[in-house]
Structures are given as C-alpha cells and as structure tokens.
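Shown next, in structure tokens, is the structure this report addresses.
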C-alpha cells in the first residue's frame, strides 16, 4: 500500500514538475514506466547523474529520490538486472537462495516479493543471500536492512562450494533444498560497456575463458541444492556465449534429463528479447579461433575446456531447447546487455542418486550423519569441492571435542561463528546470535507492558550478546530460526533479524526497560494489544514535524486516550478513511514515547520525510528554511534524535564500514542514493578489486575506532 502511495506521489507531483522543464537549454525528458515490469512499479529516466545532482530545478526531485532510497521505499537499479527476480515467480512460502547477492538490489526485489501481503508479519518463506566477498556482504546487509524483514539472512561463502544446510522437520534432520535459486554469477560484464568505461580498456576474450569454469561450478552447486520442481534463474551481464549458452548446455548435458530450460516467452510481455544461440566459436587472446575441442593444441587445453564448445549432435542439441534462453540487446529498449536462462529441476541430479552408498562408506560421528549425506554428491566428477570433506582426516579427539561444544551451544540457543579449525574466519569476527531462553526473566515485563498476544513467537527473539546487559532484541521468522540453530557450525552468518526492542534506561521506572524500535514495528504491531493510540492525520503531522510537542497540541480524542496511559513507549496508529480520498490512503504505524506532558515519535529522519511527503506536506521548503535560519536548536534536536534512534547498536560497526566503503567506492556503490539513470549497481567486474582494496584500508581504520574485541582485520 505504501508503494501505491509513492507511485501516486511521483506521478501527480514530481513528474508534473518535470513537464516543460529546461535544464542547460535542453528540455527534460519525462521518466517512462518500464512496460514489462508489473503494476508500473519500475520507471526509467534519462537524466544523467551530473544533471540530477547539480541542477537547482531538479533539486526537489533529487532530494525525493535520495530520501526515499534511504528508507527502502525505492531502489535504483539497471533495468535489465530487474528481470531475473521477476522470472523466478516467487511466492511468500518459497525458500530462496541468492548465490552471488552483493550489492543486493535483486535481493531487495526478492524480499519485497516474500512480503506481497502486508498483513502477514512472518511469511513462511525466507531469503538466504550469500556473497564470497566479506566486505561486499556489508553492502548487502545495508541494502537488505532498508526493507526491515525478519526473513532475510546474509551469509559469507564461496558460492561454488556453499555448504548444504540442514533443518529440523518434526524432530528429524533433513537437508534443506530451495524452491527458488537466483544464480547471478560473476561475469566479464561486456554487456555493461555503454556505461562502464573499464570494459573498453580491459576487455579480452581471456576474461570469459577464465570465468567459464567458475560460472559452471556455481551453477552446478545451485542445481544440486534446488528442490525437485524448483526454479533456478542463471544470469550474466555479458553477451558472450562462453559465459552463457556454453554453461547452460554443459549443465543440461551433465544433468542427463534432470533439468530442463523453461519456456518463458509468455512471461514479462513487452520485454523485447532474442532467443539463445546454438552455434559459436571459441577465440584465444591472440585471435586464434577454434570450432571444436579436437582442434585445440595440447598446450592450450588448460585455457580452453571441452565444455566451452557447442554440442555437435543435432538431436541432443535440439532436445536442449537453447533458444529458450533470453538475450537482451542494448539497442532494443535502451538498456544494458543481459543474458537469462530459467531452469526447472525435474528429478535429483544423477550424481546425487548415489548418496546412500557413500553414506555407508563414511562412518562419522552421530551429529554429522546428515552432513555426510549432504556432501556425498562430491564423489563423482562433479565440480563442487566442499570444505566439509576434509573433516574425515581430522583426529578423533578434535571431532569429539567440537561435537560436544556444538551440541552444548545448540541447547543454549547460541549460534556463534563456526570454529576456526573448521573454517578460516576472514573479515570481521561476528558476534554470536543468541536466542532468548524460554524462561528468560527479561521477557515477562515486556509481555505484560505491551499485552502481547499469546500467539507471539517469543522463541524467535534473539540478541547479539552472550554476557552482560542485552541492549537490543531482534526477531527472525520461525523458519530462519530453524536454519540458524541447525547450521551454526558450518555457516558464516553476517547478519539476520530485525530490531524490535531497544533498552531504554528511563523505561525501567515505568515498568518496562525496553522501548519499541521503528524498524520492527510493522512485524510486531499485530501482536501488541496495549499502549496503542489511534491518531488522526493532523496529529501525525504534528508528531512528525515537531520535536517534543505538548499534549495540548493534539486533538481532544488523542488527549483523552493518553490521559489513562502510564508513561513510556507507545504505538501510534493512523488508519486511512476511505470516505476522504484526498487524505493518505495507507496505514501508518509509528513508535512513540509518552512523557508527563508531551508525546513524541521515535522515527528516523528519512522515514519522517517519507510520511510527510505522502501526506502532501512540502518538506523541501521546510529544509530550505531550516538551512537558511541555521538555528542551533534545530541542530541539537537532530543530533539528539539521531542519537536516540541509533542507540548503541551492535551493528554500528557494520554501518560504519558500509558508510566508509560507500564514501570510498563512491558512485559505484549499490546504495549511493538514486542519482543515475544508466548505471548498474550489479557490476561484478573490475571495480570489485578496487573496492576490496579500499575497504581494506577502512578495516584497519575501523579497528582503531571500534572496540578491538569486535573487529578482526
């Protein structure tokens, strides 16, 4: 419902202001909606980054884009990179794996699809977003956090050997298979040459030859983890068949009928696409062409592999239906170049069928019996190399010791980082995820104060501290809790859960030491039965524009409701009136604080601006006046607000790193506010090296700024 309001606001206000506007003597082109994107929820603008940022006439529009991006209400993204999530056909109950997810625009689309129904606080599905680069994982967290979902987990693994996870199904351990997998692999990026100058300088045919093997390994690992009947979308921002059709053909060949290419010609009507190709040649860096593997001299057979060539057997080639792949060409609809293939899994992969034999051959400790099943698919010529296989070589003593530790921590509901013997920890050492014990005395006053519904899933509450005072309480869905508790020893989790309560020292005297956090209020609200005040639209405006308004400023109804309530954290709810269509037509839930004589909202600045915009308040002018007057009180208020909102969050170190990285990576970062029309945040090529180098210097700086126990350079 908020998206509809933003769309209405864009069309009726911001786009109208762009009509007949001239910048530097040129007429501004109106933004156009992408005809193939459902419900007009994607728009394209030809305004360049420079014009958008520098032109005074466009300042209002630019400010809107930046602010709404910060809140997670809009995302900037290359048009073609929006296609793979749409072709996954996600439903709210799907378990989804995003294999190479950073910087996170596609992940954000997937989260949005899970929460298609706003009235369901905990969809049954979840997204596990993975990236091999520890630094980029924090960009991913930053992107995903804007969407405030309890159903997202960010993990840090090599996608080509991402471990099999287990879940508890009715007291029985089972391997987790995903209903949907997004496999947007690293690529040479030649489809981005319209806007990526580096491609022109550094492109060679060698890039594809080097990446082909990795792409095939990642795709193979993906289909192994796909559930039968599930969908996997393979995509690249390249048009080179070595990275595209060659990978798909090799995967289909090796699957022996377990996989098929889906025909998606009727999906996304309006999208201009070309069919996949069936004939291509392979070229070396020096310009030598080869038509088939037998022509390749032996000294070149390490660079060129048999899987890079098209299949010669006409019948087998025809059965593959390679023409069902999608090739998006830049000049067809003013986009980047892109390749997409949609695969459906009809039966287990042939090398997975031999699992039981291997399972008997590998005697393992009881706790890892299922891990054996999970990893036995590496016994064939399969390209996957699971780190867990080396465990068999370890001494019995070490195994028993680790096993007892794992079992112990599972009982206590602690999901820490994997033991360093099992997996080399790199990047930051993450704090553990500790679930609140059933009988934790912390929870009782909270339950009483907010009159929480008996159905409230308190088992899903977690903190990030094992000792000392718990400062923040986070919440995950039941399904993610299951994943966390059963896999902490082999999975490096960077982040999961949304903040729902923050410790507030003033609160204790009023009966509850924890105040509500705005991030998690839409998840929490359905379970709260006390301390809710229904407010009218005028009251909402006062709450969002004034720092600490006296009760006398509010409507008499609100004053009456507040009179009987004890001081402390409250929920402020606005319900739209269908009989007043000119008013805001989506519900708003705000966290507030009731003092002795005043009432205030605890809402981050950009979110405040978002709600005010939706209510037709001109926040742009307000900002101008604020700047001109340079009133110190305003600055103090903002500073105080920021302090209250941020609190002393465990994720501060992540946020700092992201902010610094973004400053360094500059415009290329995924989260730099929406300032460009033709720039893809999904670039997976040369700029990564640079960003990693930059990030390294930040990590060393970070270790000076942050408590050394929290940071591992």
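All residue numbers here begin at 1 and follow the chain in the order shown.
Using N, Cα and C of the backbone, Cβ positions are placed for all residues, glycine too.
What TrEMBL lists as domain 'SAM-dependent MTase RsmB/NOP-type' is 1-346.
The feature S-adenosyl-L-methionine binding site is assigned by TrEMBL to 100, 101, 102, 103, 104, 105, 106, 131, 158, 184. The Cβ neighbour count for residue 102 (S-adenosyl-L-methionine binding site), using a 10 Å radius over every protein chain in view, is 29.
Annotated active site, nucleophile per TrEMBL: 237, in sequence order. Around the Cβ of residue 237 (active site, nucleophile), 29 further Cβ atoms fall within 10 Å across all displayed protein chains.
Under the heading region 'Disordered', TrEMBL lists 351-417 (among others).
Residues annotated as compositional bias 'Polar residues' in TrEMBL: 373-390 (among others).
According to TrEMBL, the feature region 'Disordered' maps to 625-713 (among others).
The feature compositional bias 'Basic and acidic residues' is assigned by TrEMBL to 625-643 (among others).
The compositional bias 'Basic and acidic residues' annotation in TrEMBL covers 650-663 (among others).
Sequence annotations record features per position, and here TrEMBL assigns compositional bias 'Polar residues' to 691-700 (among others).
TrEMBL lists 701-713 (among others) with the feature compositional bias 'Basic and acidic residues'.
Spacing of residue 100 (S-adenosyl-L-methionine binding site) relative to residue 237 (active site, nucleophile) is 13 Å (Cα to Cα, whole number). Counting in whole angstrom, residue 104 (S-adenosyl-L-methionine binding site) lies 15 from residue 237 (active site, nucleophile) by their C-alpha atoms. Rounded to a whole number, the C-alpha distance linking residue 102 (S-adenosyl-L-methionine binding site) with residue 237 (active site, nucleophile) is 14 angstrom.
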